[in-house]
Amino acid sequence: MWWLKLPDNARFSSQSPSRMTLATATQPEEARDKARVSHAGSRRSGPDTAFHLLVAASALLVLVVLGGLVVLMGVGGSQAFRTFGLGFAFHDVWNPVADIYGAWAPLFGTIISTLIGVAIALPLAFGTAFWLTTMAPPRIAAIIGTAVQLLAAVPSIIFGMWGFFTIVPFMAQTVQPFLSHHFRHVPGIRFIIHGAPFGTGLMTAGLVLAVMIAPFMTAVMRDVFAAMPNMLRESAYGLGATRWDVMWRVVVPWSRTGMIGAIVLGMGRALGETMAVTFVIGNVTAVGWSLFAPRSTVASLIALQFPESPAGSLRLSALLALGFILMLLSFASLALARMLRGDTK
Amino acid sequence: MSETVVSTTGWKPNPRAARRRRADHLATAFGMVMAGILVLVLASILWTLLSRGLAGLSAAAIMKPMGPPGSSSGLANAIVGSLIQTFMALLMATPLGLGCGIYLSEYGTETNKFASCVRFVSDVLMSVPSILVGLFVYQVLVAPFGHFSALAGSVALAILAVPIIVRTTEDMLRLVPTSMREAGAALGATRWRVTLSLCLRSAKTGVLTGILLALARVSGETAPLLFTSLGNQNWSFSLNRPMASLPVTIYQYAGASYEDWVQLAWAGALLVTMGVLAINIAVRVSARRG
């Protein structure tokens, strides 16, 4: 808002002393904003107005794109919502042969695999960022920090291939036989590890997702931690705080917003991740608590079944409705982050 | 670290300090272990990628177009297709993203409802699953025209790139100190001049990083291309027709049961990753020098 109080060229020549006074910091914020509103458009030079309009138009276009996304997804899915009602979201049969569709199986897969992914990635990312910013020797920190940042840029399909050729066999040949041998009869765990050792499933998907979002979250967290003024850190050390005290009581509160942003962005990526998951989820539209049985997620189901769905069919509509629900999910996660951040806007 | 201290010295053990030290040790170990695990896993990915990718990489893989299994085919048309679509996407996304970011940081005050709305929408767009963007563009640019097209693919990629550019542009412009703007205005510069020549210039590195982050993100995206540019077995340079792209080709080939296709998929994966990493490294080096 500073520019409103500053005279531009024209006003210098008009010699209006009252307008030339600089706003002081003591001037109330509202008054300054009012001054801005009353001033808008009246005394601005031509290029300035054009520039304002241009950038405002870009902003509007971004708005229109998201609006179009939501509307088209909703309209496309309306046929499925009309046919199956709101129960569509919680109906657990997805049967293209009988033309009966319910979203619960893929939704369940999406939610659980995302939660597993974030639950594994968060300690990895936080611990690594902590190590990088406070403990690692500067040279090693620089190398590993750069490597992690670079790896955050690796496309998700690479993680999918890696999972498909490395994690899936590992799960099938090592983890699942081990688990089923030792925990098969333990109540409470039994139903989680139940299933033939295919190697695909929610756990595998969660692992791959975690590995995929961890570098990204680490990079963001490290940046956020490093952005804190050193004086705060030094003051805390000067008061006798340990490394962890500084981390937990100074750095984390200071960078809370950025950290939540990192987590939610990671979660958003995991929620809608298609390629990394499609390779390792097994693609079976079933519901169950086993983390080691083939499942499907919303994104993987759309990727696999969309090409087989003719235009205008109920199946296509059901897939679009799934997309609509997925959008709501990612919307909800963002809203949640804003709530946690204490930001009501 | 001795927890037992003789009290005759006048110094008494402080249980809180001991607890804090223990917590510190625990946290230190935790940080080290986590960093170790992450580095190992990522190294494993790179190793798999390198060993498998280099085995499949050859001059033929880069020079020859795609073909049926067993015919010593390559990835040339997919590589070129990817380059074209990514370039087109950035061409569309950069001005839009910059404009929107400038609007948000320079005109989007706290009281501006429209700006906070756009800011929120841009955040939402950033976390919108990429496959949904593909579905959206399918409905807008593919279904009405009755055929898949490279243009649709580029638009889908552009939609993914825009929010990243918006966010970094806004953040970086906000970091420019107000005193700099005041200095510019005091010298008689108009507002657009101040924005473009002072703010944007001093935030140049950050803004460029944003554009590069966007490029890195879209150049490996597969999901939005599945229903838009579809993929193509043959050479195609027309924006109006289906066009091959490296990620989609990798997706099609990796799950195939032909050994040479799987090899090509790994070679393609290596190429995509190396391309993305090379861009990132180049930017880092230039940013350090500039």
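Any Cβ shown, glycine's included, is placed from N, Cα and C.
Feature annotation from TrEMBL assigns transmembrane segment to B:26-50, B:75-105, B:117-141, B:147-166, B:207-227, B:264-283. The domain 'ABC transmembrane type-1' annotation in TrEMBL covers B:79-283.
Contact between the transmembrane segment (B:26-50) and the transmembrane segment (B:117-141) does not hold: fewer than three of their C-beta pairs are under 8 Å, each pair 6 or more apart in sequence.
It is B:75-105 that, among the stretches B:75-105, B:117-141, B:147-166, forms the most Cβ pairs under 8 Å with the transmembrane segment (B:264-283). Where the transmembrane segment (B:75-105) meets the stretches B:117-141, B:147-166, B:207-227, the count of C-beta pairs under 8 angstroms peaks at B:147-166.
If you look at the transmembrane segment (B:147-166), the same-chain residues 6 or more away from its ends with a CB under 8 A from one of its CBs are 81, 84-86, 88-90, 92-94, 96-98, 100-101, 104, 122-123, 125-126, 130, 133-134, 136-138, 141, 207, 210-211, 213-215, 217-218, 221, 224-225, 227-230, 236, 238-243, 245.
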